[in-house]
Amino acid sequence: MPQRPDTTRLTLRRPDDWHLHLRDGAVLRAVLPETARHFARAIVMPNLVPPVVTGAEAAAYRDRILAALPEGARFTPLMTLYLTEETDPDDVARAHAEGIATAVKLYPAGATTNSASGVRDFDRVRPVLERMAEIGMPLCVHGEVTDPSVDIFDREAVFIDKVLKPLRKKVPDLRIVMEHVTTSDAVDYVRDTPRNLAATITTHHLVINRNAILAGGIRPHNYCLPVAKREKHRVALVQAAVSGDRRFFLGTDSAPHVDARKLEPCGCAGIFTATNTMSILAEVFDAAGALRQLEAFASLNGPQYYRLPPNEERITLEKGGPVDHPARIESGDGPITVFDPGFRLHWRVV
Ligand SMILES: NC(=O)N[C@@H](CC(=O)O)C(=O)O
Ligand SMILES: [Zn+2]
Ligand SMILES: [Zn+2]
C-alpha cells in the first residue's frame, strides 16, 4: 500500500531564494537574518543606489553582506550585475569566471524601483548578451514594458511579445529567467518554450490578487511591481508552482522599504516577505494538496536551472496551532512591514 503522506510534518532540502533584495547599510543588517534563517543561498538583486554594475562593485557588495551576517549563519549570497548600456562584456565574463557574479539583471529603464540606469535600447546590450550566451551565464529579467501608454496590468504580457520573443530570436542560446511572473500569459509562454527559459514566482503573487491592493481601501503594503493581477492569473501561478515543472521556482522578491517610504503619497513598490515566506508557502501548497511539490519549487528546480547542486541540509516544517510572525521588523532607518497574507498560518519551520 502506498504510504500516506504525513500532513503535519514536512522535511525538505534547505530552500534557496532566487530573487531577493537585501539593500545596504541599516536595512541590510535588519533584513539579512530573516532570509539567512531559512535559506541557504539567494540571488541578490543589484538595484542599489547607485546600482551594482561591475564585478568589483559586486565583490564589494558581497563583502558587505557577508560582514552583516549574524554569527554562525550559513548563507551564501549569489551576486548579480545590473545591466546598463555601458556594461563591458569582458568585465561580466571575468566576474562570472571568478565566481563573483552568478547572473546579470536586466531592468528596462524606469520599469521598477531604482531602475533609472537600466536598458533603453536593447541593441546596445547585444554584445553583453551574446557573451553571456557563450559562457552560459543566466540573464534575470524584470519583464515589463515601460511605455506609459500601455496599461500597467498589461505590461508583462506586452513585454513578452514586444521584447522577450524578439530577444530570444536574436540570442537563442541566452539562458533567461523571467523574474516574478504575474500572469497566465507568462506561465504559458514559459511552458511553451522548450529551452533556455525559466521563471521565478514570488510568495505574495501566489496569495494576493489585485483586490488586495485596491478593494476596501488602498493598501500600499500590497503594492509591488509587477503589480498583482486578476484572480485567474493568481490561480495560474499557483498551478505552475505546485506542478513540479522544473522551469518554475521560488524567487520571493522580498523587497524591503521602510514604512515611511511605502506610505508616502507616491509610495514605492515592493513587498517584504522574508520573515514569513516558508510558512506562507507551506500553507499555499497544503491548501492545493501539493505539499510534496514544495521541495521542487523551493529547493530543487532553482539550483537545477542555475546548474548548482541542491543543498544537502534539510529543514522541517510542522503544522500546528496558529503561527504568529511579527507585523514589522525594526531597522536603524525605521520599521519595515512584513507581508500580511490575509489568512492564519499554521506551518512553522522547526
Ligand atoms: N518588486 C518590487 O516592487 N520592487 C523591487 C524591484 C523589483 O523587483 O522590480 C524593489 O527593489 O523594491
Ligand atoms: Zn522586478
Ligand atoms: Zn525584485
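Every residue, even glycine, has its Cβ placed from backbone N, Cα and C.
Curation plays no part in TrEMBL annotations; they are all automatic predictions.
Since this is a predicted model, take the numbers as computed values, not measurements.
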Joining HIS19, HIS21, ASP253 at the Zn(2+) 1 site recorded in TrEMBL, out of LYS105, LYS165, LYS169, is LYS105
Of HIS96, HIS180, the one that TrEMBL places in the same Zn(2+) 2 site as LYS105, HIS142 is HIS180
Checking TrEMBL, the member of ASN47, ASN196, ASN301 that binds substrate with HIS21, LEU22, ARG23, HIS142, LEU225, HIS257, ALA269 is ASN47
HIS21 (Zn(2+) 1 binding site) has its Cβ surrounded, within 10 angstroms, by a count of other Cβ atoms equal to 25
Those binding-site residues among HIS19, LEU22, LYS105, HIS142 lining ligand 2, judged by a Cβ under 6 Å from any of its atoms, are HIS142
Restricting the binding-site residues HIS19, HIS21, ASN47, HIS142, LEU225, ASP253 to those with Cβ under 6 angstroms from ligand 1 leaves HIS21, ASN47, HIS142, LEU225, ASP253
Neighbour count check, CB within 10 A, over binding-site residues LEU22, ALA269; minimum at ALA269
